Amino acid sequence: MSRRIVAEYGVNSPTATFSTRSNYYASTKSGIASKRVGNHSNDIVTYFHDEEVGNFHYGERHPMKPHRLTLTNHLVISYNLHKKMEVFQPRKATEEEIMSFHAADYIDFLKRVTPENMNSFSKVFSRYNVGDDCPVFDGMFEFCKIYSGASIDAARKLTNGSTDIAVNWSGGLHHAKRVEASGFCYVNDIVLGIFELLRRFPRVLYVDIDIHHGDGVQEAFYTTDRVMTVSFHKYNGDFFPQTGDIDEIGSGLGKYYSLNVPLKDGIDDDSYIYLFKSVMEAVINSFRPSAIVLQCGADSLGCDRLGCFNLSIKAHGECVRFIKDFKLPLLVLGGGGYTIRNVARCWAYETSILVDQEVSNDLPYNEYIDYFAPDYKLHPHLSGKLENMNTRAYIQNLRIKILDHLRYLNGAPSVQMQEIPPDIQGFLEMNDEEEAELLADSSAGKEQKEKERGRRPDNEWYENDQDNDADMDIEG
Ligand SMILES: [Zn+2]
């Protein structure tokens, strides 16, 4: 039993606007979410990528490699998918924004600790859970500000109605808690993004397809009915983070608004897709979210260095397509994923789904093409390498229990009855001036500057890219 992801594998160690919002029920006239019909390639898709984010290193033998973000971005560009999106260099999150969720002392620690001075902080390492899984590395807090700023900016593009889908592959760090790091995550950008969405949207649905339980997000919203969290993950009581059993359902006002789908090793495409679609369709029709956040952790793919599922990239992407087709404002985030060539393939493929662009199975040439040898395909054979321990009876039983659980939701809660979670109260109390200021130097301001400068040239990301990390993964 441990609080480490790696250990168990021994791998190298303002509220008034809510109901008046014009697209309050964007999905259908009746207000019930339903599947999008026909070809809707008119969605505005906004993509956030920071050119530096892939250059951070957790440490040589650490499985979390931000370089996967550089690989992903190069595939996105070489498939020309950036031409179908609004592309932004995100702003870094401010400390104030980060502290809208995280404790000030914890953030002060993240800000001050460095590999050089860490010995003088060793007394608080256990309090903040910093060490093996979550090491102190060069630029750690900068890294956090970059991926969190992108999620906050992405959420703002959705709240101000200037995009339909916002993508930040560097985000999705779902394990971080208010006062501690966990599972390679220091700052919980998902919680920060959802706080932003709650300023406008009455109900936000969080969906997590990482192989690990989305514990940090569930915990943050465990007692509210404004955010429903749904996590599909491996669970056996021991697998990191050791939470996410089906009986974790939320409490107080949030009772029944946390949903967990505990799975066993080796789940295959058919079982996963069947369960995902039947559960998510029921959730969306019961909860009637006004926006969705989808965490696309790619460690649920077959052959992941830390994972133990059997999913293909097509199946993982099918979950993304299914959620997109509900045509609700959608924030798409990354997450886990430790066989980095497959993470990049997966998120590039999912980007193609979000922009409705079919892409060739032959990977286009790009400067990192060697990572994808020997097949150079978008869809390598990843499944079938582990026995599926989820029997048909297990899946059916799970589905029945979950659908039964959803009956308690009794339709969507009334907006008027909503209690604003205490955590975000302070954030919402910002006066108009402060808000205007914040917006001006954030996405809106940035956007204006981008417009003034014109769109970034296609090849800009190729320049100044000094990251030659050829640290290839170990096949999981
Ligand atoms: Zn994970």
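Note that Cβ sites are derived from N, Cα and C of the backbone, with glycine treated the same way.
Because TrEMBL annotations are produced automatically, they should be read as predictions rather than curated entries.
The shown structure was predicted, so the numbers you read here are calculated from the model rather than taken from an experiment.
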| query | In TrEMBL, the residues ASP133, TYR338 are said to bind substrate. Which of GLY172, GLY183, GLY297, GLY384 is said to bind at that same site? | reply | GLY183
| request: Given that TrEMBL annotates ASP210, HIS212 as binding divalent metal cation, state which candidate in ASP108, ASP299, ASP304 belongs to that site as well. | output: ASP299
| message | Could you state, as a whole number of Å, the largest distance between Cα atoms of any two of ASP133, GLY183, TYR338, the listed substrate binders? | response | 13
| message | Near ligand 1, meaning Cβ under 6 Å from any of its atoms: which of the binding-site residues ASP133, ASP210, ASP299 fit that description? | response | ASP210, ASP299
| request: Could you find out if DSSP has ASP210 (divalent metal cation binding site) as helix, strand or coil? | output: coil
| said: So among ASP133, HIS175, TYR338, all listed as recorded positions, which is physically nearest to HIS212 (divalent metal cation binding site)? Use the C-alpha atoms. | reply: HIS175
| Just checking, which of HIS175, HIS212 (recorded positions) has the fewest C-beta atoms within 10 Å of its C-beta? | HIS212
| Distance [Cα-Cα, Å, rounded] between TYR338 (substrate binding site) and ASP299 (divalent metal cation binding site) | 6
| Other CB atoms, at most 10 A from the CB of ASP299 (divalent metal cation binding site) | 27
| Between the binding-site residues ASP133, ASP210, whose Cβ has more other Cβ atoms within 10 Å than any of the rest? | ASP210
